[in-house]
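Trainee: Following this message is one structure expressed as structure tokens.
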Amino acid sequence: MREGIHPDYYQAKVVCNCGNEFVTGSTKEEIHVEICSKCHPFYTGQQKASSTRGRIDKFNKKYGVSNN
């Protein structure tokens, strides 16, 4: 392999907006993220019912689609 062409690899500190921090490998020394597994609704079990159901009903009503 040629020397000097590969980026440096660091033990990067990942910082979330919720305050959670963890370490991973990356070519950057520090990474800032908006959502992590500690605060994401899927992982915390605090998912809210989505409005998708209402949108589907609105579409079906608009175009006369029945659920048969």
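Indices start at 1 and increase along the chain as displayed.
The backbone N, Cα and C atoms fix where each Cβ goes, glycine too.
Checked Swiss-Prot, it gives:
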type    : residues           : note
BINDING : C16, C18, C36, C39 : Zn(2+) binding site
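Give me the structural setting of these features: burial, nearby parts and distances.
Mentor: Other Cβ atoms within 10 Å of the Cβ of C36 (Zn(2+) binding site), summed over all protein chains shown, number 17.
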Trainee: Taking the centroid of the Cβ atoms of C16, C18, C36, C39 (Zn(2+) site), which other same-chain residues have Cβ within 8 Å of it?
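Mentor: Near the Zn(2+) site, the remaining chain residues are N17, G19, N20, V33, E34, I35, S37, K38, H40.
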